[in-house]
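Novice: A single structure is presented below for examination.
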């Protein structure tokens, strides 16, 4: 009931956010009055570009603090294309009024006339003191920089008048533009990434489809040739890593003889263009060392775990047989993906609507950043008549963000935290529901004495309905515990990010200890929850009793748990890596134009690694969805097997439900089958 009440509250929060929010505030740039540029049905409909009156003031520290440049910003239809100053316009206006017609489109009002003095224009903030050639960039006017004989220029000029009697150079203007670029770099990268996705989406879908077919094929083959596929997985992964080592060495060798081969990451610093790091031999050398360590680790694991691998293969075969009798379980990850997509989409939409809720809030900004009233709330209509304008000459009242003073707006942050918490709870509940439903289906297979005759009809559908009807509270309670732990981890990460500069060595040590503890706690809770859901599916008890029984059962079989859990996970992870690796190699050859047989592949990508990583991660997630069914199947069979050993003795009255082959491998005792007893 508590879970249902929270869901109802979550729906109501979404309705309230939808009424008060406006996602257009994210899509359109906003002028100093809080109006959108380029929005249809408004006076700015034909003015989609934001223009800064004095871009040179954007070097102020307030740009980083308030994400706003301390100068007036208006919406314009196009950017300036020439150099002009206000004083120059006053002189030329007497001879040719067309100059003012062109200049006035960059003023606060086109109906003004150049009659005011420069001092009065600066005080009233009606027009820019100067304009210079610019180009639209991210719907904002930025200087049209170019390089001439190695010298930075703006409109083919290295120096120009700023309209206030000072001579400026292109380097100063570049520094001012960079002040805004620091805020807009993320969006610029996002635009380039979007362009890459628009170019390669067709190939990405093909790659993900191949990954799905490959995963499905491996799942089907595991039923018949688990041992063969395990070694195929193993040598496939070793081969892919070996290819990666060879490729890294080749790139490292090719960069060795170049003039800039001595450059390192410390020389180039932090760059938004990730491709620059791939031009350093240090990068490829680091990748080569990492891959070599990974290769050696996998080989050593295979050597020391060769005996225990037999147990994994036996469990995989038994799991394959169970999935063969219940093939609908392979489709269930699609249902989980749909549920998770709904939860993620709903959370993201509410977050955007909450972030864009409210009315325009205006803050005091000072070009020099030395006003004691800076960052205070103000009213732009009466600002020039207030004491702040007199106390801080040059200070202005500009739009800052959207907010309000109502009860709803005061609790926006609280609503965002609530949105995140319910999101975590729902995500964990969806995963728990899938685990419980799959465990119920596979448990019905195990406890069928005569397989497959005694398996009930539609076992997955029945188990899913039973989980919804009888175990929602238990699943919600287990999900709540995990969501609370994850919430604490996120809060800790948030505090660490915002208090980084105020930390000393002791606080850093405590922070690392807390992060490690919460990480371990989350892993332990996930492990216990998963086994508790299996016990819930078998016996139908509540969460606490099921978790206790599962824990005691596993502790009584701790050695078997160590063998089964880790080794089987290792086998399945190899399968995921092989699927993702195969698709990743093909995608790498395609996106870097190294497949001559494909002439119509994507070209001229900004970041080829963006679609590449999308394909690799997507392929891994698809493989994870298929192999997670196997993991849940094997874990359910193992718990059922432990229960079977404790409840039965193999006699006619209490026969074992496990197959004789698997019992002999796991328990290392000769099982007398029921046929021999008879």
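Just so you know, glycine gets a Cβ as well, placed from its N, Cα and C.
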Novice: Of the residue ranges 470-492, 493-515, 516-538, 539-561, which one carries the transmembrane segment annotation in TrEMBL?
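Specialist: From TrEMBL, the annotated transmembrane segment range turns out to be 470-492.
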Novice: Which stretch does TrEMBL mark as transmembrane segment, out of 360-380, 381-401, 612-632?
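Specialist: Going through 360-380, 381-401, 612-632 one by one, TrEMBL gives transmembrane segment for 612-632.
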Novice: From 171-189, 228-246, 247-265, which range did TrEMBL mark with transmembrane segment?
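Specialist: That would be 228-246, per the transmembrane segment entry in TrEMBL.
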Novice: Out of 130-151, 570-591, which range is noted as transmembrane segment by TrEMBL?
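Specialist: It is 570-591 that TrEMBL describes as transmembrane segment.
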Novice: For the feature transmembrane segment as recorded in TrEMBL, pick the matching range from 86-113, 422-449.
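Specialist: In TrEMBL, the transmembrane segment feature sits at 422-449.
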Novice: Quick one: which of 64-85, 284-305 does TrEMBL have down as transmembrane segment?
Specialist: 284-305
Novice: So what's near the transmembrane segment (284-305) in sequence-distant terms, Cβ-Cβ under 8 Å and 6+ beyond its ends?
Specialist: 234, 237-238, 241-242, 244-245, 248-249, 251-252, 255, 278, 567, 570
Novice: Answer with yes or no whether the transmembrane segment (325-355) touches the transmembrane segment (612-632) by the criterion of at least three Cβ pairs under 8 A, sequence separation 6 or more.
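Specialist: Counting Cβ pairs under 8 Å (6 or more apart in sequence), the transmembrane segment (612-632) reaches the transmembrane segment (325-355), since there are 3 or more.
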Novice: Could you tell me what the rest of the chain brings near the signal peptide (1-21), counting residues at least six beyond its ends with Cβ under 8 Å?
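Specialist: Distal contacts: 346, 349-350, 352-358, 408, 415, 418-419, 422, 425-426, 429, 472-473, 476, 480.
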Novice: Can you work out which residues elsewhere in the same chain, 6+ from the ends of the transmembrane segment (470-492), have a Cβ less than 8 Å from its Cβ atoms?
Specialist: 1-3, 420-421, 424-426, 428-429, 431-433, 436, 511, 514-515, 518-519, 521-522, 525-526, 529, 532-533, 536-537, 540, 542-544, 546-547
